[in-house]
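Per Swiss-Prot, these features apply:
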| type | residues | note |
| --- | --- | --- |
| SIGNAL | 1-24 | signal peptide |
| TOPO_DOM | 25-569 | topological domain 'Lumenal' |
| CARBOHYD | ASN148 | N-linked glycosylation site |
| CARBOHYD | ASN294 | N-linked glycosylation site |
| DOMAIN | 416-466 | domain 'EGF-like 1' |
| DISULFID | CYS420-CYS438 | disulfide bond |
| DISULFID | CYS427-CYS447 | disulfide bond |
| CARBOHYD | ASN434 | N-linked glycosylation site |
| DISULFID | CYS449-CYS465 | disulfide bond |
| DOMAIN | 469-516 | domain 'EGF-like 2' |
| DISULFID | CYS473-CYS493 | disulfide bond |
| DISULFID | CYS480-CYS501 | disulfide bond |
| DISULFID | CYS503-CYS515 | disulfide bond |
| DOMAIN | 517-559 | domain 'EGF-like 3' |
| DISULFID | CYS545-CYS558 | disulfide bond |
| TOPO_DOM | 591-628 | topological domain 'Cytoplasmic' |
| MOTIF | 610-613 | motif 'Tyrosine-based internalization motif' |
Amino acid sequence: MKQLLCYLPWLLLLTLLVSPLNDARFVVEKNSLSVTSPESIKGTHDSAIGNFGIPQYGGSMAGTVVYPKENQKSCKEFSDFSISFKSQPGALPTFLLVDRGDCFFALKVWNAQKAGASAVLVADNVDEPLITMDTPEEDVSSAKYIENITIPSALVTKGFGEKLKKAISGGDMVNLNLDWREAVPHPDDRVEYELWTNSNDECGVKCDMLMEFVKDFKGAAQILEKGGFTQFRPHYITWYCPHAFTLSRQCKSQCINKGRYCAPDPEQDFSSGYDGKDVVVENLRQLCVYKVANETGKPWVWWDYVTDFQIRCPMKEKKYNKECADSVIKSLGIDSKKLDKCMGDPDADLDNPVLKEEQDAQVGKGSRGDVTILPTLVVNNRQYRGKLEKSAVLKALCSGFEETTEPAICLSTDVESNECLDNNGGCWQDKSANITACKDTFRGRVCECPTVDGVQFKGDGYSHCEPSGPGRCTINNGGCWHEERDGHAFSACVDKDSVKCECPPGFKGDGTKKCEDINECKEKKACQCPECSCKNTWGSYECSCSGDLLYIRDHDTCISKTGAQVRSAWAAVWLIMLSLGLAAAGAYLVYKYRLRQYMDSEIRAIMAQYMPLDSQPEIPNHVNDERA
């Protein structure tokens, strides 16, 4: 209950916002229906064109009316009743008459189409003026079949429906013509049309359908506009906040210019996500894109901006903002200063001329009713009814040309428009390598990073694309730095699976935009041995040695110019000779020492027989003593 009370002020505000629409003048778009037989009901009647399927604008269709005995409201599949309305070869198409009630109008037509009907007439069950059969509001399940409805449908009054049923039940063959040739005025050789749209991309099924239509129809719209065959103008529905609520939190979050211009909250949650005022500001920006582009004689640029903004700046990716919009504007070459001037200040307590004009245009004038349905397409001041789909809308536009003045596109199903020839379609391009991300398709140009010579470019396709994977260095050096001087070329591209730019040895920098030569001599990175003399070169260095020496780069040292192997051999020879010499000297010393020691002992032995030696103790001579 507390949560409900919090929302009561906003619910009251919504009531006040929509209350002016109660007096709105809604015009039901009609087509002519002529009964050719039987005579009892022969004549011309009005029918209301259904706002789905594909009405045959500019043409007519003849058929036989059938009223089923079962499933008369067409709320179930006719296959459940083993009923088929497929026409036999040579027979007129089948127009199925069904009753209103119990299910959506679109479901009735879908079930009839699956059973083989060529058109559907829905008989009203209320005695009232004709109304427009619209699609279900925000119904996901119905969206699956609505987009596949291709047959026309129309609502007839209760009284006329009863006449048709009575004639059929009486056994009469009821033949009639559905005529859309006058559904759209066709006074001259130029068609004027307008699309009431919205920049909100989170409002459900209808927003998805609208975005898809804009992307699909862009190519045809630009061909017609560039050829001067049409005059297109976009519009955006806005509301105002009653003066009593302008200071409320709800109005502040949903409105700009102090409550003058408002839009509903995209997520219907005032505490999170984007606010209604964000939508109003973007709507205003898109209106100003059209105005600025129209002043330069290129109003068709609006289609480029809207489709690019949808792709690049979606709400679900949190990119629905001015920064993303500015990047799209820049890529399309739109004057941002003129755009800002057109938008004005959304916080000012003043009327915004652009949005004020939009509010005034919502009110119907002449044969055109008030705009109350979003989206709404108006062709030659008549509201379009039917499926918002390229071929269907193109048929409606072509029916607005005076006879014999239709452009070639109306007489052919082929549409060719090479948008990449104008400003490269606003896509990324590398002029030096003649590579572009712009691809021209039937539905208009697409900005998609290309594959060149087997190398895949990656990026958003609008402002950035770079080669990736093996072989990427063969394409403009992989987007990395490269330079050539005096016959020497260096590149920072590393040919690996990952995208990488790395300055080569001898350079330093980011590898992408700049690599600077490293002064190995000044920074003492090489050639630092005592005998070395250093000289810096571009991307490298030169090192020389004093005297008869040779510089070894890997070891940063100087050696004799004689070959290393010869030097090693001589060193081995000298080592052997030195070893032999030392061995000989040692042997000689040992020999000399031993010989001397032997000779000393022999001499001492001889001398000891004749005289006492200093080292020999004196021995008494007992023989002489006895003789004495």
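Note that Cβ sites are derived from N, Cα and C of the backbone, with glycine treated the same way.
Sequence features annotated in Swiss-Prot and their locations in the structure.
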residue: ASN148; record: N-linked glycosylation site; DSSP class: coil
residue: CYS427; record: disulfide bond; DSSP class: coil
residue: ASN434; record: N-linked glycosylation site; DSSP class: coil
residue: CYS465; record: disulfide bond; DSSP class: strand
residue: CYS473; record: disulfide bond; DSSP class: helix
residue: CYS480; record: disulfide bond; DSSP class: coil
residue: CYS515; record: disulfide bond; DSSP class: strand
residue: CYS545; record: disulfide bond; DSSP class: strand
residue: CYS558; record: disulfide bond; DSSP class: strand
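Neighbour counts of Cβ atoms within 10 Å were compared across the glycosylation sites ASN148, ASN294; the minimum falls on ASN148. With all protein chains in the displayed structure included, the most crowded Cβ environment within 10 Å among the disulfide-bonded residues CYS427, CYS501 is that of CYS427. Considering only the recorded positions ASN148, CYS427, CYS473, CYS480, CYS493, the residue whose Cα is spatially closest to the Cα of CYS465 (disulfide bond) is CYS427. DSSP gives ASN294 (N-linked glycosylation site) a helix state. Under the three-state DSSP scheme, CYS447 (disulfide bond) falls in the strand class. DSSP gives CYS503 (disulfide bond) a coil state; it is part of no helix or strand. In this structure the C-alpha atoms belonging to CYS558 (disulfide bond) and ASN434 (N-linked glycosylation site) are separated by 51 Å.
For the pair CYS515 (disulfide bond) and ASN294 (N-linked glycosylation site), the C-alpha distance works out to 46 angstrom. Cα-Cα distances to CYS427 (disulfide bond) place CYS420, CYS438, CYS449 within 10 Å, out of the disulfide-bonded residues CYS420, CYS438, CYS449, CYS503.
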